[in-house]
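**Student:** What follows is a structure written as structure tokens; I'll ask about it next.
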Amino acid sequence: MHSIVSLISGRGSNLEAIFKTATAKSWDVRFTGVISNNPEAKGLDFARSQGISTQVLNHRDFASRDAFDKALIHEIDHYGADLLILAGFMRILTPAFIKHYEGRIINIHPSLLPRYPGLHTHESALEAGDTTHGATVHFVSAGVDEGPIICQGEVPILLDDDASRLAARVLKMEHYIYPLAVEWFINQRLQIEGNTVHIHPPESQYISFT
Ligand code: GRF
């Protein structure tokens with residue numbers, strides 16, 4: 001039985017997608033806790049409605065990033081986490097934090113990394129005139145939006161797209177690839193080698209809706 005803890009800051013739709021897939025497919029997991037730095041995060045309501053224990057750790061209550069991350073580690077380890085899922089968690093984590101969870105902390109980013117790390121990815125893809133865009137699930141390493149890629153999902157950019165229409169299409173893909181990546185992890189199919197993730201037995205790690 002795997003223990004999963006998730007960190008969120010907002011809507012929590014990725015957490016919801018993962019939880020619903022876990023329930024529908026009867027994964028051998030327990031969602032031991034959901035922690036938010038934002039007391040208003042909507043995702044907390046979903047977690048509570050499913051009986052998952054929740055915690056708010058407001059970063060504004062801490063004097064430094066180090067102090068916040070230490071408190072976060074304390075809470076996460078109290079819950080017990082074989083897998084730590086960042087699902088729209090909008091804080092940069094310290095190298096010490098990331099080291100502590102090395103190999104068991106994953107994130108989703110709304111672009112086809114290494115293109116467009118950071119914020120405003122949909123606007124950037126539109127401005128660049130790209131014809132496709134997407135999302136990436138990756139293990140977290142010290143750099144922002146870096147780390148070995150588990151899988152990517154590609155969607156088309158349509159002629160009349162604006163950032164919000166494009167974001168909605170990417171979000172649908174996120175809700176498909178994040179549960180998929182978690183399922184691979186809990187089934188122990190992932191092997192990290194340098195900056196590459198191999199999946200055993202092999203399966204496509206690039207999903208395209210184009
Ligand atoms: C998603 O677009 C995710 O890729 C990014 O933050 C957003 C979180 O959405 N990291 P939600 O809170 O899971 O609905």
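Just so you know, glycine gets a Cβ as well, placed from its N, Cα and C.
Quantities reported herein were computed from a predicted structural model and do not represent experimental measurements.
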**Student:** MET90, ARG91, ILE92, LEU93, ASN107 bind (6R)-10-formyltetrahydrofolate in TrEMBL, but which of ARG60, ARG65 does that record place at the same site?
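**Tutor:** Of ARG60, ARG65, ARG65 joins MET90, ARG91, ILE92, LEU93, ASN107 in the (6R)-10-formyltetrahydrofolate site that TrEMBL records.
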**Student:** When the Cα of ARG65 ((6R)-10-formyltetrahydrofolate binding site) is compared with the Cα of each of the recorded positions GLY12, HIS109, ASP145, which one is closest?
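**Tutor:** Checked the recorded positions GLY12, HIS109, ASP145; minimum Cα distance to ARG65 ((6R)-10-formyltetrahydrofolate binding site) goes to ASP145.
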**Student:** What does the structure give for the C-alpha distance between GLY12 (N(1)-(5-phospho-beta-D-ribosyl)glycinamide binding site) and ILE92 ((6R)-10-formyltetrahydrofolate binding site)? Integer Å is fine.
**Tutor:** 18
**Student:** Look at each of the binding-site residues, ASN14, MET90, ILE92, ASN107, and point out the one with the fewest other Cβ atoms around it within 10 Å.
**Tutor:** ILE92
